[in-house]
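Take a look at the structure below.
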Amino acid sequence: MFRSNEYFRVSYFFICFVWSFASAEDIITEAEDGHRDQENGFSWADYLVLGAMLVISCGIGVFYGFFNKQQESSDDFLLGGSSMGTFPMAMSLAASFVTAIELLGNPTEMYNHGLQFWMICIAFLIVVPLTSTFYLPVFMKLRLTSSYEYFSLRFSPATRYLASGLYIFQMILYTSVAVFAPALALSKVTGLNVYLAVTGVYIVCIFYASQGGMKAVIIADTFQAIILIGSLIVIAWLGAEFLEPGSKIWLDNYLTNRLEIFNMDPALTVRHSFWSVVVGGTFYWMTMFCSNQASIQKYMSVQTISQVRKALWVSALGLIFVYSINFYTGMVMVTKYKDCDPQRSSKIEDPDELLPYYVITEMGHLKGITGFFVAGIFAASLGTVASALNSLSAVTMEDFIEGALQKKIPKSKGASWAKYISIAYGAISFILVFVVAKLGSVMQVAISFNGMVGGVTLGLFTLGMFFPWANSKGAIFGSLVAVAVITLMCIGQQIYIAEGHLQEESMPTSIQGCDNMNSTLNISIEPETLIEMKDPIFFLYRISYIWYSAFGFLITVIMGLLGSFATGMDDAKNIDDNLLSPPIQRYLSSKGKLKISSKSNLAKDAKLKGIDNNSLDLKDEMISRKESFLNPEKQFEKV
């Protein structure tokens, strides 16, 4: 087995490999000698550093795909046999959340809009206890390969297939964005065609994710997380070192109003305010922690709930660290370009090019550093996409092949099926990259995609776990209404932005110090709202994208309850208490409104399913209930 100590030796070797090309002393010396003025480019050392990261990632897939013979069943391939360690799972969880979208988008966000979005770190601290208390105990008790099997147990197979279909749609689009971002970075620093770079990313990612399964994904994520964090620290440190003597980073950002973190404007059209970032951001990250299949699948890769709770805190603190370093890098760029904005001076065309441009112009002369930066971008992207492919394979096998189609996959062929499905989804996502490339700012597009579906799925889980009287018809009705409304909001806003009818306000920038440029100053004194450029635009199209998850959640829950009331609410005493959130269990039982029994929900249908409730323990009960939904005809035959 590829044990943790072996893994850290490999990681240590890689870090030493990077620094063998450029020691700290050499870096400072070159900066003082003015070598940054020479033409920068992607050198052989950069290719070696990037290549080493990709080769090691592929090597992990080779090890678990060809030398680890234990991965024969789908559960071994998709859940890692529930034998992974706490720390690797925590690092993998954080790596899957920290995509190239954040690495490119957050410094640019700081440069163009200020520090307000950093307040989303508060959301991380709120989300962890909410996840641990209300949602995680249910998932860990049921231990389902696909989290959407819950909807069959709680509502109906139709609800399950709806949620699974929405997730597949969401993740295919999201992975396309996550791959396009690093390909964009690579094309800017090397001059390679962006679509050739996309192809390279997909080849590596599909290979190790499809061959090694969950174990390869988690170990590769842990390795890539070290590369990612290392690259962030190096870029931020070098950026501060390379500033002109006497530069005042915090003062420059303060004087340009970029340090504002308490914009208390409650308007929903304000792009980033305290309320939208903290409240809206909490709902967004709850969709990632509480209802995202890729996350829940990793929870199942360990044995106990205490391991998951520790991993949640480790991943949350890791996210806060990454965001903080990212935003500090943005502050450094504010000081660097305070007299000559690269976009206004036409040195770059798109805001998402800012960080790659900064790295190649300021650090491109240092051997291996540019390659280290691109390796960090790739590492973030690979971790996200690999987790997505693995989770898409799980959902497809459990919910559609074995669920809807009722095709029983032999245990000995489960891993092979999962591999082929992962490859197929990788190919589909690759094709969609060419569509995503036309959608504008990658960070906003990615969060918009997740908000369209994530809030709806979170609302469905909340309906099931918090409201025992909610029924299947109400859940489906609420989710369909929410999907329609959020899709309308998202597509409408993107169309108006693309057509130039909506414009995002930015912070002050200057081109006074640019060569052969007029001395002009763009000062932004209005709130960061989506400004209407032409005719009045429908209010829903102007709502900040970060509220999409909250709107999807609230619409699903409210309309779901109304739909349940209109079609006849379920009796709480007929709902299996294992499907309810523990605090809700305790509250309802104290009021005498819930029949508490590990076999309560089976009592009414024991005759139909042919199950002797008294002979089943909790695990057998859940397995039996799962099989009854996967193979309903077999259960009727028993009668």
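Cβ atoms are placed via backbone N, Cα and C, with glycine included.
Caution: TrEMBL annotation is automatic and unverified by curators.
The signal peptide feature in TrEMBL is assigned to 1-24.
Annotated transmembrane segment per TrEMBL: 48-67 (among others), in sequence order.
Among the features that TrEMBL reports, transmembrane segment is placed at 117-140 (among others).
Counting residues 6+ beyond its ends, the transmembrane segment (161-186) has Cβ neighbours under 8 Å at 99-101, 103-105, 146, 148, 151, 192, 194-195, 197-198, 201-202, 205, 293-294, 352-353, 355-356, 373-374, 377-378, 380-381, 384-385, 388-389, 391-392, 395-396, 399-400, 403-404, 425, 428-430, 432-433, 435-437, 439, 442, 445-446, 449-450, 452-454, 456-457, 460, 476, 479-480, 483 in the same chain. Marked as transmembrane segment by TrEMBL: 161-186 (among others).
Annotated transmembrane segment per TrEMBL: 192-209 (among others), in sequence order. Outside the transmembrane segment (192-209) by six or more residues, the chain places 54, 57-58, 60-62, 65, 179-180, 182-184, 186, 216-217, 220, 378, 381-382, 385-386, 389-390, 422-423, 426-427, 429-430, 433-434, 437 with a CB less than 8 A from a CB of the stretch.
What TrEMBL records for 216-240 (among others) is transmembrane segment.
According to TrEMBL, the transmembrane segment annotation covers 272-290 (among others).
For 311-329 (among others), the entry in TrEMBL reads transmembrane segment.
Positions annotated as transmembrane segment by TrEMBL: 372-396 (among others). With a threshold of 8 Å between CB atoms, the same-chain residues lying at least 6 positions outside the transmembrane segment (372-396) that come near it are 18, 46, 49-50, 52-54, 57, 74, 78, 92, 95-100, 102-104, 145-146, 148, 164, 167-168, 171-172, 174-175, 178-179, 181-182, 185-186, 189-190, 201-202, 204-206, 208-210, 213-214, 216-217, 220-221, 224-225, 227-228, 230-232, 234-235, 292-294, 297-298, 356, 359, 363, 418-419, 421-422, 425-426, 429.
Here TrEMBL flags 417-437 (among others) as transmembrane segment.
The transmembrane segment annotation in TrEMBL covers 443-467 (among others).
Packing against the transmembrane segment (474-497) from elsewhere in the chain are residues 151, 155, 158-159, 162-163, 166, 439-440, 445, 448-449, 451-453, 455-456, 459-460, 463-464, 503-504, 530, 537-538, 540-543, 545, 548, 551-553, 555-567, 569: each is 6 or more residues past its ends and has a CB under 8 Å from a CB in it. Sequence annotations record features per position, and here TrEMBL assigns transmembrane segment to 474-497 (among others).
If you look up TrEMBL, you'll see 545-566 (among others) marked as transmembrane segment.
The transmembrane segment (216-240) and the transmembrane segment (417-437) are not in contact, since fewer than 3 Cβ pairs between them lie under 8 Å (pairs 6 or more apart in sequence).
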